[in-house]
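For reference, the structure discussed in these notes is given below.
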């Protein structure tokens with residue numbers, strides 16, 4: 001694979017992320033990995049549902065009282081928007097617009113950071129002000145592990161995308177880094193979809209009882 | 001004629017297998033010699049499934065052995081080039097459909113039995129006076145012993161389950177510490193005792209245990225539960241209904257029985273000082289099921305084994321009291337008291353000997 | 001790796017460095033194989049200790065606590081650290097050759113997968129020297145493993161977490177490799193059965209390992225960080241652990257047995273000199289077994305008390321698996337039917353496998369009968385059953401394939417006489433050990449007991465079983481001796497050692513050069529090499545490209561360092577519940593090392609290197625003399 005081949009928007013292939021064998025491998029690989037991650041989240045979701053509201057006898061914290069929708073809604077919006085901005089980045093990649101890719105990926109990272117900040121704030125509130133720490137009950141363990149696993153995925157995604165931006169800030173698009181951007185963006189969409197499920201299962205169903 | 005012959009073959013195969021299987025194992029522990037309706041049903045399923053499976057094995061073996069001997073290269077010639085067959089649609093259909101049919105035949109009794117053995121609705125049935133019609137036993141499994149409480153009769157015992165013959169006995173199964181599994185092989189299948197929920201099932205005891213080797217059926221813990229899992233045995237005494245009622249009455253009569261610290265009997269006094277905190281000597285404790293720290297010793301003298309598995313004699317009891325860790329590693333009795341001849345707070349040899357005499361004298365049957 | 005070094009004798013240090021940094025699928029295959037063999041020997045030794053303890057009633061050869069450690073480590077090691085890597089060894093070696101690829105899709109990840117597996121396994125085994133091994137069974141059910149004192153269970157949880165991550169990475173790698181890297185003309189329905197089973201197994205790993213990861217992670221935070229997933233006094237629930245474990249655990253059985261099926265499907269046609277009967281139905285059966293494998297986990301929990309409806313559903317679903325498995329058995333028999341059977345060592349393993357596995361299969365169906373399973377569950381019957389399947393299926397498969405593929409893997413051949421001796425010793429020992437255990441179970445003997453009282457009718461059968469186990473041990477020793485002897489034997493320098501090779505790997509001349517085929521072959525049908533041979537192609541294969549430059553991946557030390565990072569972090573985590581001050585810093589240090597490696601990896605472009613046409617010709621000549629691989 002020749003990293004030095006210079007492309008113009010005209011010569012840039014339609015599916016730059018899958019032109020090389022390495023790119024195709026990355027594309028298939030990230031999808032298989034996501035299949036695997038879906039099962040991981042499914043297991044954690046199932047556990048959360050089984051342990052929801054369950055704690056030592058006399059526990060007075062329930063999901064209905066604890067969770068509010070306002071913050072979760074803002075977080076959802078941030079993450080959904082970040083998914084959209086990563087789509088813009090991929091759109092620019094198709095058009096061989098390296099700057100567009102970097103800018104929109106950068107915005108994605110900023111939105112993701114905003115989400116992460118709110119999540120940390122939420123955990124802090126629950127732990128310190130509500131007395132609902134990780135070791136409080138089976139319910140709290142399941143809640144933090146479910147939302148925290150997602151949060152960990154967000155952190156990994158942010159490091160990954162930031163790394164890609166820094167590494168490729170100067171050299172523009174080529175067939176070597178295009179698949180990398182593409183894989184990161186698929187991963188980021190996946191994180192977004194998982195959050196939609198968390199919003200529904202944890203917050204919406206929690207508030208509704 | 002042919003059909004009759006085939007049937008005869010099947011039956012003789014079945015008969016041979018029954019004889020072969022039932023020759024295996026001891027009456028008081030083998031699943032092959034079932035002594036209750038549940039165990040018999042499971043044994044019949046065993047025979048039925050073995051028959052079907054034997055059929056499969058025979059067909060496969062015949063084809064396999066024939067193919068192996070017929071098509072050896074030594075017979076085919078070194079240069080023989082076999083026809084490169086791709087497959088056969090008809091054959092594929094045959095060996096898909098026939099196993100499906102066999103499995104459907106097997107599935108029917110499976111489903112019937114699963115629901116039948118899982119039906120515990122009768123546990124809640126009451127007669128006109130509001131009394132439960134069926135006998136229920138609350139089983140609590142602990143490291144490494146078993147408590148058997150009879151909630152409707154107000155009595156509790158340990159290590160030796162006593163049940164009447166000829167009726168369905170229902171069990172509430174629970175573990176107090178880690179997961180165990182309640183199994184009386186010769187009477188019926190096992191069920192786990194979980195820590196967070198109560199499992200319910202029933203067994204039927206058809207034979208009185210009187211004539212067995214130790215006068216009891218053997219029960220086992222079937223789920224790994226720690227170092228002494230292998231030693232977490234219990235015994236089952238089955239009595240005719242009248243004898244069972246008499247046993248219940250004498251158990252209920254132990255209400256209020258207690259060991260006194262002021263007793264002139266050294267054994268009783270020692271027991272009261274060192275053992276009573278965990279071990280009750282009355283069958284009517286009023287405690288909820290599973291609350292007792294140690295096995296209830298009201299019927300100790302009637303038991304066939306010490307600690308569930310040691311031969312019943314004073315020597316073993318003394319050794320057991322001196323060092324339970326030696327016999328059941330990881331048990332919770334170790335360290336609850338001190339043994340030695342130096343300090344007053346230690347159990348001396350003399351005290352232990354008296355203690356053993358006292359415990360062995362606890363009985364409702366003698 | 002530099003192509004110049006090929007053919008020259010390298011010093012020990014250089015060889016070691018080569019193996020530590022290699023991303024070559026063949027070298028990693030060797031590493032998987034020999035690491036697996038090492039752990040197989042350890043776990044086998046543990047089994048022998050247990051059988052010696054159970055030889056006579058009331059034995060005190062090992063203590064109760066040690067026995068529980070042995071049974072836990074035996075099961076855990078055999079499944080995760082012996083059978084899996086041994087099969088991975090073959091997958092790594094053979095699958096890229098069978099599909100005509102230069103390497104796997106992600107060579108770097110392949111190396112990472114191995115090192116994670118290996119260091120996880122080492123971590124687990126350190127428990128023996130650091131306060132006691134895990135003792136709650138390979139299933140490590142939650143209530144007992146939370147109760148278990150010491151660090152044994154912590155070693156189990158962390159060690160399996162690390163090696164499980166390695167397995168997952170390798171599984172994904174195989175799936176991608178088989179999807180994207182097949183040679184021209186190698187359609188899915190022309191892939192050899194072993195490649196097919198590897199693909200399905202990769203998919204099973206992809207879907208089955210996450211629940212294990214989750215279950216182990218719950219256990220990890222419960223034991224080490226105060227969480228309450230399984231503590232029922234805090235609202236936790238241990239049945240969740242059982243579910244998660246078996247949602248993984250049942251597919252795991254197929255993760256092991258399907259590659260063995262694949263290996264036998266390679267061996268039998270070669271020595272029957274006949275095309276695999278019903279290829280497409282074999283493929284279909286493989287997929288169906290993999291799919292159904294996820295639908296039946298609760299049959300391990302019939303006695304847990306899930307209620308009659310759950311038990312009934314899972315009973316019927318379990319029986320359904322017998323149908324595709326039966327299809328496979330009949331297809332194997334029909335493959336030898338009308339063939340020309342040559343009884344070689346690999347073939348005798350295959351011939352021994354068929355009846356053994358059928359016996360294990362039918363007892364499996366018996367246990368699917370839920371009410372009957374109430375009796376059989378957790379008794380010696382189940383011990384007999386799964387050893388019939390695992391030893392009679394997986395181990396015979398591995399041993400058979402070892403003899404079968406030894407010429408490709410080492411350019412040597414294993415001694416045939418010693419091979420037959422190994423087979424018969426092991427095979428007789430195996431049946432002696434386990435056949436009789438069915439009856440022990442039916443006679444009321446629970447499994448996982450460290451001793452038993454005499455006169456319960458079990459004494460004689462236990463004695464016989466132990467004798468059988470010793471024979472099996474002897475068989476394994478013969479095999480190892482055979483391997484050692486073969487190192488001294490003459491190199492083969494040949495292709496198609498068995499004479500009737502059918503799939504692509506037999507077209508290669510051994511020793512296999514690091515780039516595999518110098519030209520990517522063109523696949524013209526199922527059994528491509530057989531087709532070419534019987535059309536009189538002297539070249540070996542028809543090629544899809546002229547001899548040209550080959551692009552190969554670079555080696556890297558990073559996978560090893562990343563794995564060491566996880567290894568270090570695991571120690572921090574292990575001692576966290578002891579309240580030592582250094583535990584969190586060590587965790588951060590370990591994970592930091594791993595993350596740093598990942599950053600280095602992504603900031604340093606890895607474009608691989610190119611082997612020029614001249615270098616290829618030079619390599620071929622140094623390996624096979626003038627003319628190269630013809």
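The backbone N, Cα and C atoms fix where each Cβ goes, glycine too.
According to TrEMBL, the protein carries these features:
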DOMAIN    C:11-524  domain 'Cytochrome oxidase subunit I profile'
TRANSMEM  C:31-50  transmembrane segment
TRANSMEM  C:70-91  transmembrane segment
TRANSMEM  C:153-181  transmembrane segment
TRANSMEM  C:193-220  transmembrane segment
TRANSMEM  C:240-264  transmembrane segment
TRANSMEM  C:276-298  transmembrane segment
TRANSMEM  C:310-334  transmembrane segment
TRANSMEM  C:346-366  transmembrane segment
TRANSMEM  C:386-406  transmembrane segment
TRANSMEM  C:418-440  transmembrane segment
TRANSMEM  C:557-576  transmembrane segment
TRANSMEM  C:582-600  transmembrane segment
Region pair the transmembrane segment (C:346-366) / the transmembrane segment (C:418-440), three or more CB pairs under 8 Å: yes
Whether the transmembrane segment (C:70-91) meets the transmembrane segment (C:240-264): three or more C-beta pairs under 8 angstroms: yes
Cβ-Cβ under 8 Å with the transmembrane segment (C:31-50): same-chain residues at least 6 beyond its ends: 19, 61-62, 67, 70-71, 73-74, 77-78, 81-90, 92-93, 114, 117-118, 121, 125, 409, 469-470, 472-473, 476, 480
Contact check, the transmembrane segment (C:153-181) vs the transmembrane segment (C:582-600), 3+ Cβ pairs under 8 Å, seq sep 6+: no
Surrounding residues of the transmembrane segment (C:582-600) on its own chain - C-beta under 8 Å, 6+ positions past either end: 558, 561-562, 564-573, 575-576
